Amino acid sequence: MGEAQELHPEINGPNPPAEAEAEISQENSEIKKKSFLRQYKWWLEMIVYSFFLLGGQAVGTLLGRIYYDNGGKSNWMATLVQVVGFPVLIPFQLFTPTTKVLVDTNTNTNTNKRLPLILAAFYLAIGVFLAVDCMLYSIGLQYLPVTTYTLICATQLGFNALFSFFLNRQKFTPYIINSLVLLTISSTLLVFVPDSDNPSNKISKKKYIVGFICTVAASAGYAIMLSLTQLAFQKLIKKETIRAVVDMTVYQNLVATFVIIIGLFASGDWKKLNGEMEGFTSGKVSYIMNLFWTAVSWQVFGIGCVGLIFKISSLFSNVISILGLPMAPVLAVIFLGDSLTGLKAVSMLLAMWGFVSYIYQHYLDDLKMKEEGKREKAAAADELSLVALVNERGSQIS
């Protein structure tokens with residue numbers, strides 16, 4: 001009887017399993033709170049980066065078209081302003097923590113020592129590639145209306161999906177394949193746009209085709225640049241910080257600027273710039289402001305683009321870019337007098353259909369991830385309940 005009385009307080013006293021469950025519940029609550037804050041921060045960053053990308057892209061494209069329409073003729077200058085604005089980002093470098101390349105302990109010491117050199121070589125190569133790509137875009141914009149130009153740029157999503165498959169292990173699904181087919185048909189239709197749809201009938205069919213080919217080539221080049229950038233974040237930088245985004249944008253634009261300046265002087269175009277400014281239809285001040293804001297807008301675009309790449313993927317960054325397709329053509333029709341023919345309208349609808357097809361696939365992938373997460377949480381909860389039950393039975397037996 002005395003033994004029973006001694007055991008009685010232990011049975012009715014503090015219950016260890018109950019305390020464990022309370023601690024687990026508190027930990028789960030803290031985890032959920034931190035998860036919510038991380039998700040909130042993630043969505044906020046996505047909105048900001050997407051706004052930068054869409055706004056910079058639309059403004060940069062329109063200002064580039066205005067440059068040519070008002071007497072600008074130098075493709076080298078039109079190319080230079082796409083990359084030369086990087087100094088506006090230098091203050092962000094000065095006031096953000098330094099990005100360090102993470103060392104992989106599984107690799108040998110010599111490989112780790114070479115990582116900064118490899119990263120520098122990547123910046124050099126991607127900068128040269130960027131310079132060539134910007135030149136192709138400039139030629140395309142010179143010979144094509146904004147509506148046609150932006151719709152052809154939709155092909156970059158298809159190219160990006162292809163390169164992502166080989167470089168970033170992107171999986172193909174029926175919806176992604178459908179998106180690629182629609183975007184290909186959309187851009188192909190623009191080959192058959194009649195000469196009367198060219199700006200002011202000034203562009204010959206030959207130049208129109210040259211502009212078309214250059215824009216398609218630039219879109220393919222841009223797509224592979226995005227995939228390579230994502231690969232660099234995964235294999236070289238391995239650190240998700242704002243400084244990493246700024247560094248990537250600044251260094252590749254710095255290299256591209258030097259390459260384009262060399263081309264500007266080697267071609268002799270620099271001698272014509274003073275006369276170009278004098279003959280600019282809107283005046284000298286308008287000429288300078290056009291170049292300045294074009295440079296700034298493309299840097300804003302670059303930050304948004306690279307930010308989306310390192311936060312999600314190169315393909316997602318491209319999808320957001322394609323989302324902005326209707327913006328530039330609509331603004332061009334309103335402010336620049338571009339025509340929106342039936343053929344262009346059909347092409348735009350197909351491009352948007354292709355975009356929606358990809359977004360739906362992204363939605364399905366997101367649902368799948370959430371379901372897997374729920375199953376993992378349910379399995380973890382069942383395991384905790386089983387442990388608590390075993391502990392309770394053991395306590396009662398003792």
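Cβ atoms are placed via backbone N, Cα and C, with glycine included.
The region 'Disordered' feature in TrEMBL is assigned to 1-20. The transmembrane segment feature in TrEMBL is assigned to 42-64, 76-96, 117-140, 146-168, 175-193, 208-233, 245-267, 287-310, 315-336, 342-360.
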Item to check | Of 42-64, 76-96, 146-168, 208-233, 342-360, whichever stretch has the most CB pairs under 8 A to the transmembrane segment (117-140) | outcome: 208-233
Checklist entry - At least three Cβ pairs under 8 Å linking the transmembrane segment (76-96) and the transmembrane segment (287-310), pairs spaced 6 or more in sequence? => result yes
Next on the checklist: As a test: from 42-64, 245-267, 342-360, pick the stretch that has the greatest number of Cβ pairs under 8 Å with the transmembrane segment (287-310).
Outcome noted: 42-64
Checklist entry - Are there residues at least 6 beyond the ends of the transmembrane segment (208-233) whose Cβ is under 8 Å from a Cβ of it, and what are they? => result 119, 122, 126, 129-130, 132-134, 136-137, 139-144, 148-149, 152-160, 162-164, 167-168, 187, 190-191, 193, 195, 198, 240, 244, 248, 305-306, 309-310, 313-315, 317-318
